[in-house]
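Engineer: Okay, so Swiss-Prot annotates it like this:
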{"type": "ACT_SITE", "residues": "His108", "note": "active site"}
{"type": "BINDING", "residues": "Tyr25, Gly26, Ile27, Gln28, Arg48, Ser53, Asp83, Met84, Glu85, Gln86, Gly134", "note": "NADP(+) binding site"}
{"type": "BINDING", "residues": "Asp191, Glu195", "note": "Mg(2+) 1 binding site"}
{"type": "BINDING", "residues": "Asp191, Glu227, Glu231", "note": "Mg(2+) 2 binding site"}
{"type": "BINDING", "residues": "Ser252", "note": "substrate binding site"}
{"type": "DOMAIN", "residues": "2-182", "note": "domain 'KARI N-terminal Rossmann'"}
{"type": "DOMAIN", "residues": "183-328", "note": "domain 'KARI C-terminal knotted'"}
Amino acid sequence: MAKIYRDGDASLDWLKGKTIAVIGYGIQGRAQALNLRDSGLDVIIGARRGGNSWEAARRDGFQVYEVGEAVAKADVVMMLIPDMEQPHVWREQVAPNLRKGAVVDFAHGFNIHYKLITPPPYVDVVMVAPKGPGKAVREEFLAGRGVPALVAVYQDYSGAALKYALAIAKGIGATRAGVIETTFAEETETDLIGEQVVLVGGLMELIKKGFEVLVEMGYQPEVAYFEVLNEAKLIMDLIWQRGIYGMLNGVSDTAKYGGLTVGPRVIDDEVKEKMRRAAARVKSGEFAKEWVEEYQRGAPRLRELMEKAKNHPIEAVGAEMRKLLFGP
């Protein structure tokens, strides 16, 4: 069973009197920085001078520095810029300025796990990965709750790396909900596999294929949209709130029977085997290598695929249907 930490298992004392540099002030960086400050901790921001993040952080009342200067001032460095920007920023601005004994925190294990970033031996390297977007991290904190998180230690120079990681988790509100101990490898691989075969790739293609089948059979695109996309949220909300079995108890008997008998024929063992192959590419590092090379070329294939997704017929129909639902 997974080890789960709660509020009582963590102490902010590990961070009291220390300077925390949040590198990046996007949605996740802003949420975590504000939560840490509201928890009574000393937070500064590292950003590009004159950029949108720089100005946003100043408006929120933070002291803002160039990344290298912020790192040099910090006892704790939180790497909250996008994954693919991190290696360059690390080499040029973070690594040369790290203090001996500093704690370096990541919100995702990608760069450490796939060796795109190699930390020096004289720092702690930890991960606190909220399992929700920055907006939820902030809103739940303000409501007196928290978003669950994963926590991991990659390098324990101080002998107290886990204590520091749990303190960060507490500072952003995650221990209110619960923090699960994991490893950088497990977090990275399960995150990528989940995105590819279920959350982004799987759901997206399931919805699109269902829409295509209904339209090809002569049904109105607008009706098809509601059946395969709009109502997907209602089902996912039930699953999120009650679990799969609870969802089944929340739909009609007709939906139960149809789903339980036809679902396994559509998502069958052949699909499961394809999922295994996709997961194996993640675990071997093949996907990471492909994505890094694509990014370094300027991501031409990604742009092409995004354009294709934008031009799928479900998008035009969806734009009109969302006007009905939410207004122009």
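Any Cβ shown, glycine's included, is placed from N, Cα and C.
Source: prediction; values computed, not measured.
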Engineer: Sort out the sequence-distant neighbours of Glu227 (Mg(2+) 2 binding site) for me: same chain, 6+ apart, CB within less than 8 Å of its CB, listed by position.
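Structural biologist: The list for Glu227 (Mg(2+) 2 binding site) reads Gly210, Leu214, given in order along the sequence.
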Engineer: If you run the three-state DSSP split on Ile27 (NADP(+) binding site), which class comes out?
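Structural biologist: The residue in question, Ile27 (NADP(+) binding site), is helix (DSSP, three-state).
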Engineer: Whole-number Å only: compute the distance from the Cα of the residue listed as 'substrate binding site' to the Cα of Asp191 (Mg(2+) 1 binding site).
Structural biologist: 33
Engineer: Using DSSP and three states only, what is Glu85 (NADP(+) binding site)?
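Structural biologist: Looking at the DSSP assignment, Glu85 (NADP(+) binding site) belongs to a helix.
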Engineer: If you run through the domain 'KARI C-terminal knotted' (183-328) with DSSP, how many residues end up as helix, strand and coil?
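Structural biologist: Split into helix, strand and coil, the domain 'KARI C-terminal knotted' (183-328) gives 126 helix, 0 strand, 20 coil.
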Engineer: Among the recorded positions His108, Asp191, Glu195, Glu231, whose Cα is within 10 A of the Cα of Arg48 (NADP(+) binding site)?
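Structural biologist: Final answer: none.
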Engineer: Around Gly134 (NADP(+) binding site), which residues of its chain at least 6 apart sit with Cβ under 8 Å of its Cβ?
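Structural biologist: Gly134 (NADP(+) binding site) has long-range Cβ partners Gly26, Ile27, Gln28, Gly29, Arg30, Ala31, Gln32.
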Engineer: How big is the gap, in Å, between the Cα of Glu85 (NADP(+) binding site) and that of Glu195 (Mg(2+) 1 binding site), rounded to a whole number?
Structural biologist: 20
Engineer: Measuring Cα to Cα, how far is the residue listed as 'active site' from Asp83 (NADP(+) binding site) in Å?
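Structural biologist: Answer for this pair: 8 Å between alpha carbons.
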Engineer: If you count the other Cβ atoms within 10 Å of each Cβ, which of the recorded positions Arg48, His108 comes out on top?
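Structural biologist: The residue with the most neighbouring Cβ atoms within 10 Å is His108.
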Engineer: Sorted by position, what residues of the same chain at least six away from Asp191 (Mg(2+) 1 binding site) have a C-beta under 8 A from it?
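Structural biologist: Same-chain residues close to Asp191 (Mg(2+) 1 binding site) (Cβ under 8 Å, separated by 6 or more) are His108, Gly109, Ala129.
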Engineer: Just give me the nearest neighbour of Glu195 (Mg(2+) 1 binding site) among the binding-site residues Tyr25, Asp83, Glu231, Cα to Cα.
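Structural biologist: When the Cα distances are compared, Asp83 comes out closest.
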Engineer: Can you see whether DSSP assigns Arg48 (NADP(+) binding site) to helix, strand or coil?
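Structural biologist: SS state of Arg48 (NADP(+) binding site) = coil.
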Engineer: Reduced to three states, what secondary structure does DSSP give the residue listed as 'active site'?
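Structural biologist: Looking at the DSSP assignment, the residue listed as 'active site' belongs to neither helix nor strand, so coil.
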